[in-house]
Amino acid sequence: MKKIKCALIGPGNIGTDLLAKLKRSSVLEPVWMVGIDPESEGLKRARELGVKTTAEGVDGLLPHVLADGVQIAFDATSAYVHAENARKLNALGVMMIDLTPAAIGPYCVPPVNLKEHLGKREMNVNMVTCGGQATIPMVAAVSRVQPVAYAEIVATVSSRSVGPGTRKNIDEFTRTTAGAVEKVGGARKGKAIIIINPAEPPLMMRDTIHCLTETEPDQQRITESIHAMIEEVQKYVPGYRLVNGPVFDGKRVTVFMEVAGLGDYLPTYAGNLDIMTAAAARTAEMFAEEMIAGNLTLEPVVA
């Protein structure tokens, strides 16, 4: 079976977890890991897995892109550098899957809008944030039943699972997540809050989703819609589960979720890594299947 070759930029928590998932993919083959620190743990681990590495950033990868047939790149660095990375790689015809909150390209939350991206020939799609991937499906589950005037999501993650890149991007995280709660989740107004909890032992990712419906909530239909959506998410993140809810209080619908990871890199408490990396891998696989079938040919993009 032909596989589409990929590069990963950023050998931190997210990049390392993603590498483990891509290694199992039937249509994607990770061939490069890009970092900026020669001593990086993530680069060392990638080399042990037989992946080529460079510590010279994206510029260290560019000369090899065409020779090694790289067609998809995952950016797990920081919102500040993503635009430059994307420009350089898009110019060589490489499609970007953006795991930073840069959000240059359209938002992608697989169970809600993955299919919409097919056939649009986008060269950059944004995976929102871990908080977005965990909560937007729930907002969408309510908004597909009836209009949501306001949605507020709170993502609580363990301190140990949040690396330096994510910490530098907290403001971008909240802005990008709130934007996608509106655009993909379907809420008229969205708000996002992230809590980084330093407790030891580290706690599992928890997410609270509040939706205010415009009219009295149709409890039965909303409950059915939420359960159906949870099953969709579980297809690629089996540790996604409902802890409580939906709880109805007037026009407010509240759902409490917990996300356990597969333990590919950090232990299972780091469900925030899994929901992000599994969504990114799922998205890339869909594009890869189209390329293998001959329905999608990537063209260089001149910025």
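Positions of Cβ are set from backbone N, Cα and C atoms, glycine also.
Look at Swiss-Prot and you will find Cys130 tagged as active site, acyl-thioester intermediate. Taking Cβ-Cβ distances under 8 Å and a sequence separation of 6 or more, the neighbours of Cys130 (active site, acyl-thioester intermediate) in its chain are Ala155, Val157, Met205, Asn272, Leu273, Ile275, Met276. DSSP classifies Cys130 (active site, acyl-thioester intermediate) as helix under the three-state reduction.
Taken from Swiss-Prot, the feature NAD(+) binding site covers Ser161, Val162, Gly163, Pro164, Gly165, Thr166, Arg167, Lys168, Asn169, Asn272, and the record attributes it to sequence analysis. Secondary structure at Ser161 (NAD(+) binding site), as computed by DSSP, is helix. Neighbour list (Ser161 (NAD(+) binding site), Cβ cut-off 8 Å, at least 6 residues apart, same chain): Asn13, Pro202, Met205, Leu266, Tyr269, Ala270, Asn272, Leu273.
DSSP assigns Asn169 (NAD(+) binding site) to coil in the three-state reduction, placing it in neither a helix nor a strand.
In this structure the residues listed as binding NAD(+) are Ser161, Val162, Gly163, Pro164, Gly165, Thr166, Arg167, Lys168, Asn169, Asn272; their two most distant Cα atoms lie 17 Å apart.
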